[in-house]
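Colleague: Once you've had a glance at the structure underneath, I'll fire off some questions.
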Amino acid sequence: MNSLNKVAQVTLLFWLMKIVATTLGETLGDFIAQTLGLGYTVGILITLTFFGIALIIQLTRKKYIPVWFWLVIIATTTLGTEISDFIDRSLNLGYTWGSLLLFLGLLTTLFLWNKKYHHLVVFPILDRNTEIYYWIAILFSNSLGTAFGDYLSDVIGLSYLSGAFVTASIIVLVVLLHYFTKINEIILFWIAFIFTRPFGATFGDFLTKPIVKGGLDLGTLNASIVSIILMVILIGISHRLENAKLNGKQ
């Protein structure tokens, strides 16, 4: 019996859902830690529990099921927000050192993954051990993205809209490199994955932060609700496409 793929195919819908998921992770993480006043330590415990439950469900599925896959993505973005803020504000390492620490964690994960399996292929993923490396790399990249997005706004002093423009420009550059150069597509995937996180994080800040700080002042709760509605719609579309694909193979 052949193993079945466990992860989403990298398409335009994938990137759209990734950006919405990262925005939701940013706003939901801030809602837990800041709006509810629970703090970053408690926030990490809550989001780590959510991540653990979602990951166990995903790992025990025998094939790719959009709702479970994207719940883990959302969990990594939310947990990534808490991890980044914990490193910066609770450990007082700052965004610069925090970004460096998370970047080293990501590089180490990719190095170990490549050393063991001699590839970094992100689709299809057919076995559980490879999938574990996949999710660890995603968690580090989402945490790094949060730190980088906050670095652009809090350290460099860019407005949230300007920060989103900077990261969007990097993403567009990666797309151009994909279509017009022979640069390895796996390398480009991970670059894009890293920078869609700060784009989503910065856009999340743009939605929630006060107008005087360059935001829209929607608040973390309202922004999270909007993001959840969008994510539910996109997951529904993904389910329909996946079912249509399976029916077409029968």
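Just so you know, glycine gets a Cβ as well, placed from its N, Cα and C.
Quick paste from TrEMBL:
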TRANSMEM  31-57  transmembrane segment
TRANSMEM  64-83  transmembrane segment
TRANSMEM  95-113  transmembrane segment
TRANSMEM  133-152  transmembrane segment
TRANSMEM  158-180  transmembrane segment
TRANSMEM  187-207  transmembrane segment
TRANSMEM  219-237  transmembrane segment
Colleague: Given the cut-off of 8 Å on Cβ pairs that are 6 or more apart in sequence, determine whether the transmembrane segment (31-57) and the transmembrane segment (158-180) share at least 3 such pairs.
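Modeller: Touching, no - the transmembrane segment (31-57) and the transmembrane segment (158-180) miss the threshold of 3 or more Cβ pairs under 8 Å.
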Colleague: When each of 64-83, 133-152, 158-180, 187-207 is checked against the transmembrane segment (95-113) for Cβ pairs under 8 Å, which one has the most?
Modeller: 133-152
Colleague: Tell me whether the transmembrane segment (133-152) sits in contact with the transmembrane segment (219-237), defined here as at least 3 Cβ pairs under 8 Å among residues 6 or more apart in sequence.
Modeller: no
Colleague: What residues elsewhere in the chain lie close to the transmembrane segment (64-83), defined as a C-beta under 8 angstroms and at least 6 residues from its ends?
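Modeller: Same-chain contacts beyond the ends: 4-8, 17-18, 21-22, 24-26, 28-30, 32-33, 40, 43-44, 47-48, 50-51, 54-55, 57-58, 102, 135, 138-139, 142-146, 197, 200-201, 231, 235, 238-239, 242.
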Colleague: By Cβ distance under 8 Å, which residues at least 6 away from the ends of the transmembrane segment (187-207) in the same chain are close to it?
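Modeller: For the transmembrane segment (187-207), the list is 10, 15, 18-27, 30, 77, 80-81, 106, 110, 120, 122, 137-138, 141-142, 144-146, 148-150, 152-153, 160-161, 163-164, 167-168, 170-171, 174-175, 177-178, 214-216, 218, 223, 226-227.
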Colleague: Can you name the far-off residues of the same chain, 6+ from the ends of the transmembrane segment (158-180), with a Cβ under 8 Å from a Cβ of it?
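Modeller: Those are 148-149, 152, 188, 191-192, 195-196, 198-199, 202-203, 205-206, 209, 213-215, in sequence order.
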